[in-house]
Each structure stands twice: as structure tokens, then as C-alpha cells.
Amino acid sequence: MATDTSMRSSAPVGFWGPPTSTIDWCESNYEHNYYIAEFWNTISNSLFVLLGLYGLYRSIKMGFEPRFHLQFIGVMITGFGSAMFHGTLQHVYQQCDETPMVWSILAWIYIVYNNEIEQIPMQNASTYVIAFLTTIGAIFTVVHAIYRFTTVFQVFFGILAVLGAGRLCMHYAEVKDPRARAVARSYVTSSLIGFAFWMMDYHYCHIVRGLPVNPQGHAWYDYCSGSLLCRC
């Protein structure tokens with residue numbers, strides 16, 4: 001597992017000092033740069049920032065609704081936060097990664113369920129839903145800043161991801177355009193490949209580190225996740 005303390009204790013200490021994060025990924029610490037704890041995991045997040053910036057530009061240029069602008073801004077913030085986390089392996093910056101992830105997926109939930117929200121027979125239903133999702137994000141932010149609950153975060157994020165993915169499956173069944181369906185299939189493929197890399201890096205680090213070359217599974221997970229933006 002990526003958090004194996006025996007692996008952590010034997011890791012070299014660089015500019016940011018010993019790791020204080022609850023997760024230390026399978027990439028060897030400070031192997032390539034004295035100032036960057038996990039080099040490949042850090043630079044791979046540039047894809048989130050660049051594609052998020054491009055998506056925001058296109059969203060504004062094409063006159064999309066503000067909810068789409070917010071989603072791309074969240075992606076960029078997550079990219080910066082994740083780079084800070086992997087670059088330092090300090091707990092405070094781990095929160096800068098995980099907290100924006102939750103806010104971003106809450107915005108995504110609002111986007112994919114927007115049609116259903118507009119059909120709610122209640123005045124200002126959209127405003128109430130936004131307030132509800134914002135409250136969830138605020139509560140998570142405060143509690144996450146106080147307690148170290150990596151597993152709770154992963155379960156919570158996973159539940160939100162499943163809720164969003166379920167609605168996407170419904171969209172797939174409703175859409176008949178072959179190009180749109182091809183985009184959906186490539187989206188699912190990238191998601192599954194990225195998740196497989198994440199699982200390998202997180203749960204099977206003891207095997208990965210025995211290989212002649214570290215495949216940098218988490219960096220590939222970042223690449224697959226970032227490439228999803230090209231399909232959205």
C-alpha cells in the first residue's frame with residue numbers, strides 16, 4: 001500500500017522535510033529534484049491546469065452558463081493543489097488537493113443533474129440545490145481541515161462520482177448521435193484505465209517497487225483524468 005510506513009521511513013528527505021501527509025505515493029521521494037518530493041506526480045498535474053484554462057476560455061467564448069465556468073475553474077484549482085501536495089507531501093497541501101476535488105465534483109453533480117433540477121415542481125429549486133451542495137462542500141471543508149480522514153474522503157468522493165456516473169449512463173441511453181456515444185465510450189475507457197493505475201499505485205506499491213522501472217501509476221492516473229476534460 002502507498003502509505004506503508006517502512007517505505008516512508010527509508011525515503012530521502014528533501015527541501016520540504018519529512019512527509020506529514022496521510023498518503024505517500026509509490027514514486028520515490030526526491031529522486032529527481034531536491035525541491036520536488038514526487039517529480040512525475042507533480043508535473044503530471046500541469047495537464048489539469050492547462051486543459052482547465054483552455055476549457056474556461058472555450059466556455060466563456062461560446063457563451064456557456066456560469067456553472068461550466070465554475071467547473072473548469074475548479075479543475076484548475078485542483079491541478080494546482082494536487083501539484084502542491086505531490087511536490088511537498090505535506091498534510092496542509094494534501095488538503096489543497098482533496099478539498100478542491102470535492103468542490104469540483106459537487107459542481108459536476110449540479111451540471112449533470114441540471115435537467116432534473118429544472119423539472120422539480122418548486123419555485124427557485126435550482127437555488128435551493130445550489131445552497132444544499134454549497135453547504136455540503138462547506139461542511140466537508142471545515143471537518144476535513146480538522147480531522148485526517150483519508151478513507152472517509154475517498155468513500156465520500158467515490159459516492160459522488162458514482163452518482164454522477166449513473167446520470168451519465170442515463171444520458172448515454174438517451175443520446176442517439178453516434179459521435180456523442182463514441183465520446184461517452186472513450187470517457188468511460190479513460191476512467192477505467194486511470195482507476196486501474198490509481199489502484200496499482202495505491203494498493204500494490206510493494207510489487208511496483210520490485211519492478212526494474214516504476215511505471216509511475218499515479219502520474220498516468222493524472223494523465224487519464226486530465227484527458228477526460230478533452231471529452232467533456
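Cβ atoms are placed via backbone N, Cα and C, with glycine included.
Feature annotations, courtesy of TrEMBL:
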BINDING   Asp24, Trp25, Glu27, Asn29, Glu38  Ca(2+) binding site
TRANSMEM  39-57  transmembrane segment
TRANSMEM  69-89  transmembrane segment
BINDING   His86, His218  Zn(2+) binding site
TRANSMEM  101-117  transmembrane segment
TRANSMEM  129-147  transmembrane segment
TRANSMEM  153-170  transmembrane segment
TRANSMEM  182-200  transmembrane segment
Chain residues in Cβ proximity to the transmembrane segment (39-57) (below 8 Å; excluding those fewer than six residues from its ends, i.e. six or more beyond): 25, 27, 31-33, 69, 71-76, 78-80, 82-83, 86-87, 216, 218-220, 222-223, 225-227, 229-230, 232
For the transmembrane segment (101-117), find every same-chain residue at least 6 residues outside the stretch whose CB is under 8 Å from a CB in it, and list them. 67-68, 70-71, 74-75, 77-78, 125-126, 129-130, 133-134, 136-137, 140-141, 144, 153, 156-157, 160-161, 163-164, 167-168, 171
Could you pull out which residues elsewhere in the chain have a CB under 8 Å from any CB of the transmembrane segment (153-170), counting only those six or more residues past its ends? 98, 101-102, 105-106, 108-109, 112-113, 116, 140, 144, 184, 187, 191
For His86 (Zn(2+) binding site), what is the secondary structure by DSSP, using just helix, strand and coil? helix
For a quick check of packing: other C-beta atoms within 10 Å of the C-beta of Trp25 (Ca(2+) binding site), how many? 26
Per residue, counting other C-beta atoms within 10 angstroms of the C-beta, which of the binding-site residues Asp24, Glu38 reaches the highest number? Glu38
Rank the binding-site residues Asn29, His218 by the number of other Cβ atoms within 10 Å of each Cβ, and give the residue at the low end. Asn29
What DSSP gives for His218 (Zn(2+) binding site), in three states, is helix
